[in-house]
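Trainee: Mind looking over this structure? Questions follow.
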Amino acid sequence: MTETERNRIISNDYADLILGYTGNIDLFQNFEDSITDIVNDTLAILHLPVENMTPDSISRFGYQAIPLLYGLLSSDNINPSQLTRLPPPFTSDYTGEGVLIGFIDTGIDYRHPAFLTAANQTRIVSIWDQTINTGSPPEGFNYGAEYSREQINLALANTDPYQIVPSIDNVGHGTMLAGMAAGSPSPETNFSSTSMDAELIVVKLKEAKTYLKDFFVITRASICYQENDIIMGIKYLNEVALRENKPLVICFGLGTNKSDHAGTRPMSRYLASVSRIYGRAVVVAAGNEGNRNCHYSGNLPPDLTFDEVSMQVGNGEVGFTIQFWGTSPNYFWVDLFAPNGDFLARVPPIHNNTTIIEYEDTAIVVDTILDTPYSTEQFIILRFQKPLPGIWRFYVFGAAGDLPMKFHMWLPLHQFITPETIFLHSDNNTTVTDPGNNEELICITAYDPRNNTLYYHAGLGFTVTNYPKPDLTAPGVNMVVPFPEGKYIISTGTSLSAAYAAGIIADLFQWGISEGNLTYMNNQLIKNVLTQSAIRRPELTYPNPEWGYGIIAPERITSALTRYIRF
């Protein structure tokens, strides 16, 4: 691939689509100046001139083709006076040696002491920085720059390390997660991790393109990342693990609300496919959308004509999206009313239809789809631009009163909207972010082990199909974690809980695969072991929409393993 083509992939002048692939690349040549990245035998990424992305792109290409935007799942709600110490690993003999943990995030501060050995050598196998296009991309990839362990060690020994490895974690989230899972201990800061000898593979995601932020009405200053870049990051982690011939735990600490909350997005399904490989496990965060008033659920009884949904838009709101998912086989239509009571439009159940509603300074682009790949739910997305502040109302009607009339509506992640933009009669359940709703992945929520309380903003289950999520609970409140520039800070969030669990799983992989005690370990077996050994409260029913199957208990894992092999 030429340098010009590589630059097009990361350019804001080019848009991206996620498409099904059947082996015939010629099918993607309908767009002039397009570039194709093949992910596997079923998935491809198409890069095409941004002029092709029009307001009706969802109707033209399908919602599954439009890359969703994912946000970070840590929180700023911290209390420096209350530190949480991690419980010890399931046995002190295991520290993740011989195991890889992969992160697809904001990068890593490779100079931080948390990622160095006693000999001042890196524990990072490689970094793929998608934001740098001046170096050499990984073999088989067409953008970004890859830095090897050898290059990182050279940089560490140099007075100007960034001349050799210029990859920097400007946000800190990736550094925090990598440290939580596999950082070297720092007794003076009360920091420890669950897998301090594991090796790391790091993908630094490039930030979402401006056209896609505009498309989903997210401010350009917001930190978010594209689904297609995450997919390529998953591919990279797996290929490095194959090259190293070592087991891999993927820790993913980002999430989105822009989905059906059933785990059917292309990225979720691709993660699930990797999790089925022996020697692989995938841990994802439940999200921090609990108690944010971001979800509404309705269930129209036969004697009720419609359900009135009230949503408050805060002052200064630039824009946002609302997603409506109606349970099949019923069909729904929605009447939309402005804050002053004016009727604006009726949104009918028409497949692949785009309508633009204009009212005073507000513009609303409405897309309706009657079914999407891997889902038969009716889907409506409303993209509000410059919305009038006040109470907006949606009257939801079901077409057939003798069929199920259950529906869900979600706002974006809380960091993408003002705190005053909420549903007035919200439902706190079904607030786990994707990919946490995928049935095959290990979804972790957060609690405070100091007082055994659930993190206040932890996303709650179950999924829209009533599948039990989250799976398990782990420490994630007021955690001491590494931060760029050699710092340690206190942070909270379900992404930290996922990283904690990833470290525990790396220890399990060391015992089972690296040391040959149980070489056929995979994601499902790991999930079973963690579930069987989890702590459950007698007063609660499990699986639980708040706690999953209970709290990960490292000290009880050994007894759970005895059903698979005798020690």
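Cβ atoms here come from the backbone N, Cα and C positions, even for glycine.
Please treat TrEMBL annotations as automatic predictions, because they have not gone through curation.
As listed in TrEMBL for this protein:
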type: ACT_SITE; residues: ASP105; note: active site, charge relay system
type: ACT_SITE; residues: HIS173; note: active site, charge relay system
type: ACT_SITE; residues: SER495; note: active site, charge relay system
type: DOMAIN; residues: 96-300; note: domain 'Peptidase S8/S53'
type: DOMAIN; residues: 427-549; note: domain 'Peptidase S8/S53'
Trainee: Might you list, by sequence position, any residue in that chain lying six or more from SER495 (active site, charge relay system) with a Cβ less than 8 Å away from its Cβ?
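Mentor: Expected: LEU72, LEU73, SER74, HIS173, MET176, LEU177, GLY253, LEU254, ALA285, GLY476.
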Trainee: Within the domain 'Peptidase S8/S53' (427-549), count helix residues (DSSP H, G, I), strand residues (E, B) and coil residues, in that order.
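Mentor: Its residues fall into 32 helix, 28 strand, 63 coil.
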Trainee: Within 10 Å of the Cβ of ASP105 (active site, charge relay system), how many other Cβ atoms can you find? Include all protein chains, please.
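Mentor: Within a 10 Å radius of the Cβ of ASP105 (active site, charge relay system) lie 29 other Cβ atoms.
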Trainee: Validating a neighbour-count step here. Other CB atoms within 10 A of the CB of HIS173 (active site, charge relay system): how many?
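Mentor: Around HIS173 (active site, charge relay system), other Cβ atoms within 10 Å: 25.
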Trainee: Taking DSSP as the reference, which of helix, strand or coil describes HIS173 (active site, charge relay system)?
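Mentor: Where HIS173 (active site, charge relay system) sits, the three-state DSSP reduction gives helix.
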